[in-house]
Amino acid sequence: MNFRELASKYKTPLYIYDLDYMTKQYEELKEAFKGRKSLLAYAIKSNSNLSVINHFAQMGSGADCVSIGEVRRAFLAGVPSYKIIFSGVGKSDEEIREAIEKEILYINVESEAELGRVELIAKELGANCRISIRVNPNIDPLTHPYISTGLHDNKFGVDIDSAKRMYIRANNSEHLDPVGIHFHIGSQLTELKPIYESAEIVADMVRSLQSIKIELKFFDIGGGLGVTYKDEVTIKPYDYAQAVLGTLKGLDLTIICEPGRFLTANAGYFLTKVLYEKKNGAKRFVVVDGAMNDLLRPSLYKAYHKIEAITESKSELSEADVVGPVCESGDFFAKDYMLPTLEHNDLLVVHSAGAYGFGMGSNYNTRGRSAEVAVKGGESRVIRKREEFEDLIALEKDYLVK
Ligand code: LLP
């Protein structure tokens, strides 16, 4: 990747995605599940650029969506309706209605109250809505608490007993068709055991439903596969698939997997330019043109992202905080990071920025979002143009109070 060339062609701050790397990740995961009916439903939230979704769709991927906006993106990007899943704890009536009308693969239901709404809306529409229920297996995923979702302390899914009641109710309804079961215990998982234990609990639930003549078709294991940001030892897709498949003996189910980060994180780079170096007493800061509004993960989770300096500087390395222009002390990409002395216009490449990067961005401090560029077979092209000031005020300027 020639970052210097990309920076001069597209300016900074800039997101760059290596689509060939995404292909490789997709194929490795798909291959791990071969021999079983399986569908990878790309978790759009990790990187929702239409060209990225379309890239996966062309390889046969489905889409895991958490808002009707994401469902619409999936359709626009060419994902067929029968490969689209709609999850999330708080779907509005309008969202449920549109998902039913669009005849997606299924709605992942996350509470008894929501099941009631889905049934009512399906009835109004004279439809029979395919649903899956998100089970919360109460297993600690051993990851960052903010991205842990599989404990009863977390807002996601329903406990086993409630799930059973909900399946019985759905099975008896003319307007609900229970076709799947779902769990997702957390993100950036690096331990296999919690996944295996959850899959066992959920597979047992499938068996107990079979015994009361409720036959499911889809076993949705969510996403969560971790990646290496620094030195994490990650789960191999093959071992992941084997662990899950091991719990499904005697069951004829299509496996659905909802990977996000695994496909996109290490395909992405955030490119930012050095504005200044400064010191406050002994403390060294490198001020760059990108900020927390572009890439929030370090500020929000203290997440580590490797930083590579592209510079002529041959100076000794010393510790510096890499900070952006936003008016918050929490606006940083790294703290006490070893870097050479940097000059105005040197470049810093923030690695592993392809997942939960651009999508978690904002316009805080009236900063336009950066452009996004895709690189494929050595060719680069813009897949989202840089936001300009006019874009930021477009929805306000006609409402100015006079
Ligand atoms: N399926 C469901 C139901 C999910 O909630 C998620 C992620 C995924 C799939 C995809 O998980 P992945 O394969 O990417 O781990 N913003 C955080 C991550 C939040 C993940 C939320 N759910 C971060 O920057 O680390």
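Think of each number as a place in line: the chain as shown, counted from 1.
Using N, Cα and C of the backbone, Cβ positions are placed for all residues, glycine too.
Feature annotations, courtesy of TrEMBL:
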- 22-265: domain 'Orn/DAP/Arg decarboxylase 2 N-terminal' (DOMAIN)
- Lys45: N6-(pyridoxal phosphate)lysine (MOD_RES)
- Gly224, Glu258, Pro259, Gly260, Arg261, Tyr356: pyridoxal 5'-phosphate binding site (BINDING)
- Arg261, Arg297, Tyr301, Glu328, Tyr356: substrate binding site (BINDING)
- Cys327: active site, proton donor (ACT_SITE)
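Of all the recorded positions listed here (Lys45, Arg297, Tyr301, Cys327, Glu328), Lys45 has the Cα closest to the Cα of Glu258 (pyridoxal 5'-phosphate binding site). Checking each of the recorded positions Pro259, Tyr301, Cys327, Glu328, Tyr356 against the residue listed as 'N6-(pyridoxal phosphate)lysine' by C-alpha distance, the shortest gap belongs to Tyr356.
Tyr301 (substrate binding site) and Gly224 (pyridoxal 5'-phosphate binding site) are 16 Å apart (CA-CA, integer value).
DSSP gives Glu328 (substrate binding site) a coil state; it is part of no helix or strand.
Figure note: comparing Cβ neighbours within 10 Å for the binding-site residues Glu258, Glu328, the maximum is reached by Glu258. Annotated pair Arg261 (pyridoxal 5'-phosphate binding site) and Arg297 (substrate binding site), C-alpha to C-alpha distance, rounded: 13 Å.
Among the recorded positions listed here, namely Pro259, Gly260, Cys327, Tyr356, Tyr356 has its C-alpha nearest to that of Tyr301 (substrate binding site).
Within the model, the domain 'Orn/DAP/Arg decarboxylase 2 N-terminal' (22-265) carries an average pLDDT of 95. Whole-number maximum of the Cα to Cα distances across the substrate-binding residues Arg261, Arg297, Tyr301, Glu328, Tyr356: 27 angstrom. Around the Cβ of Gly224 (pyridoxal 5'-phosphate binding site), 31 further Cβ atoms fall within 10 Å across all displayed protein chains. Each of Ala43, Lys45, Ser46, Ser187, Gly223, Leu225, Phe262, Leu263, Thr264, Ala355 belongs to the same chain as Gly224, Glu258, Pro259, Gly260, Arg261, Tyr356, is absent from that list, and has a C-beta within 8 angstroms of the C-beta centroid marking the pyridoxal 5'-phosphate site. In this structure the residues listed as binding pyridoxal 5'-phosphate are Gly224, Glu258, Pro259, Gly260, Arg261, Tyr356; their two most distant Cα atoms lie 15 Å apart.
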